[in-house]
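Copied from TrEMBL, the annotated features are:
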type	residues	note
DOMAIN	72-482	domain 'Major facilitator superfamily (MFS) profile'
TRANSMEM	21-45	transmembrane segment
TRANSMEM	171-195	transmembrane segment
TRANSMEM	201-218	transmembrane segment
TRANSMEM	230-253	transmembrane segment
TRANSMEM	259-279	transmembrane segment
TRANSMEM	300-318	transmembrane segment
TRANSMEM	338-358	transmembrane segment
TRANSMEM	365-385	transmembrane segment
TRANSMEM	397-417	transmembrane segment
TRANSMEM	424-443	transmembrane segment
TRANSMEM	455-477	transmembrane segment
Amino acid sequence: MPPAAKRVPWRWLVVGRASRRLVLVVVFVALLLDNMLLTVVVPIVPTFLYTTEYEGTNSSVAPAQTEPAPPALKAPPFSSMFSYFDNSTVTVSGSMSTVDLANGTESSHLPQPLTSSPPLPSSCPEGKEFLAKENIRVGLLFASKALAQLVINPSVGLLTNRIGYHIPMFIGFIIMFLSTVMFAFSGTYTLLFIARALQGIGSSFSSVAGLGMLASVYTDDFERGNAMGIALGGLALGVLIGAPFGSVMYAFVGKSSPFLVLAFLALLDGALQLCILQPSKISPESTKGTPVFTLLRDPYILVAAGALCFSNMGVAMLEPTLPIWMMQTMCSPKWQLGMAFLPASISYLIGTNLFGILANKMGRWLCSLIGMAVVGISLLCVPLAKNIYGLIGPNSGLGFAIGMVDSSMMPIMGYLVDLRHTSVYGNVYAIADVAFCMGFAIGPSTGGAIVRAIGFPWLMIIIGVINIAYAPLCWYLRNPPAKEEKIAILSQECPMQTKSYTTQKTLRDFPLTDDSDVEAENAE
């Protein structure tokens with residue numbers, strides 16, 4: 001009995017390691033945690049930097065203004081009230097100040113600040129110049145993750161071809177855990193920047209190894225499309241939960257709380273990987289994969305990678321700039337800064353799961369073409385919003401359309417390698433991840449500078465027009481040709497298909513006789 005009892009869990013592990021569904025679960029959880037950490041900082045970082053840096057400096061300046069002259073104690077409150085009003089509506093502040101000067105009595109001064117001041121300091125932040133500069137700093141911080149991922153991705157693709165997907169996947173978990181803990185206890189811009197870059201390194205290992213593992217396990221194109229849709233659903237769920245979860249936890253619990261929860265979930269994911277993936281096992285590919293530079297010279301792979309890049313660049317530009325724009329124009333509280341991304345996340349979750357199946361029926365090229373056009377239109381509508389409710393429609397369309405593009409392009413990348421190159425997937429999904437990273441690197445880093453130069457509405461117009469102009473290029477993915485060498489390999493692997501190319505007349509035996517023609521006619 002005891003030996004038999006001991007065999008039961010080991011038998012479960014053996015069955016689990018051979019199950020494709022459990023591999024899909026591991027990749028799903030890894031992408032979920034990666035993208036929760038990606039988006040949980042979106043509502044936290046702008047307000048955290050504002051409270052620690054701007055309000056900290058102003059609190060030290062305020063006592064110096066009030067101490068010198070006791071009789072003039074009424075002036076600083078009015079000057080501070082004027083700055084609050086000036087940040088909300090200039091005309092009201094001017095009129096209020098002129099009325100106050102006209103009245104000139106203490107009784108007229110005291111009621112007005114008491115009735116009008118409490119809601120404004122809590123909703124409308126002061127310091128327009130600081131917020132304008134913060135667009136660039138926050139954009140660079142968000143882009144550091146993608147820049148680090150961009151540098152590491154090619155080497156991770158080569159590493160997976162040599163040692164397999166299991167060890168890089170586990171390395172990604174360890175780095176992501178360290179990054180999450182560092183986020184929880186970082187109190188300065190520099191430490192947050194380092195933690196964000198460290199997250200990019202861990203994300204590179206997890207995403208490249210995870211997607212390559214799925215492509216190698218699900219060899220059928222239809223099954224691969226469904227599996228990629230489910231895995232991207234984990235990505236979508238992480239984006240869905242991240243921003244609202246971060247804003248609510250930061251507003252009501254504290255900055256460290258959401259990151260500590262994510263660190264605990266990362267430990268559970270690591271335990272799951274230890275049980276299922278055997279990260280100590282080295283399993284290199286049996287065949288040598290196509291080099292990265294050869295894949296980059298393939299125009300069809302470049303078109304697919306460009307679609308991934310530009311469609312995700314729109315939401316990448318929104319992440320650092322939309323919360324600050326809401327603080328300036330809508331006077332939104334902390335919890336609303338993350339809730340603004342909730343419609344996009346829900347629609348992205350629906351889009352990836354729905355079009356993981358539908359894209360194979362309607363054509364993945366058509367699905368991605370329509371998706372990129374809808375991305376552009378949705379981005380053009382974002383600046384028209386006057387409050388958080390006006391963002392529901394544009395953000396929902398944006399998330400749904402990006403889900404269409406992602407769930408179509410990820411299987412296309414694997415299909416193009418099967419059709420035109422060697423069926424080893426580490427390098428091609430490294431290229432796909434590089435395309436994501438370029439969108440999330442160029443978007444936040446340039447978005448903040450563009451907003452400061454010409455404004456947030458023009459930023460949305462530029463990236464929206466780029467997506468609409470790029471959409472027709474997806475037509476070239478309608479029927480990509482196979483290379484001649486690949487056709488020869490496929491014909492050797494599937495000899496039964498060559499029968500359709502043979503002549504219909506039956507072959508006659510040699511040597512020919514006088515009755516051979518009659519026999520051939522009777523056979524026909």
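Backbone N, Cα and C define each Cβ position, glycine as well.
The recorded stretches the transmembrane segment (338-358) and the transmembrane segment (171-195) do not share 3+ CB pairs below 8 A when only pairs 6 or more apart in sequence are counted, and are therefore not in contact. Listed by sequence, the residues of this chain that lie at least six past the ends of the transmembrane segment (455-477) yet keep a Cβ under 8 A from its Cβ atoms are 299-300, 303-304, 306-307, 310-311, 313-314, 317, 321-322, 325, 364-366, 368-370, 372-373, 375-380, 382-383, 412, 443, 447. Panel annotation: around the transmembrane segment (230-253), residues 24, 27-44, 47-48, 210-211, 214, 261, 333-342, 344-346, 348-349, 351-353, 356, 399, 403, 406-407, 410 of the same chain, lying at least six beyond its termini, place a Cβ under 8 Å from a Cβ of the stretch. Across the candidate stretches 21-45, 171-195, 365-385, 397-417, the maximum count of CB pairs under 8 A to the transmembrane segment (259-279) is reached by 21-45.
At the 8 Å Cβ threshold, with sequence separation of at least 6, the transmembrane segment (201-218) comes into contact with the transmembrane segment (21-45) through 3 or more pairs. Summarised as a single figure, the pLDDT of the domain 'Major facilitator superfamily (MFS) profile' (72-482) averages 78. Here the listed stretches are 21-45, 300-318, 397-417, and the one with the most C-beta pairs under 8 angstroms to the transmembrane segment (365-385) is 397-417.
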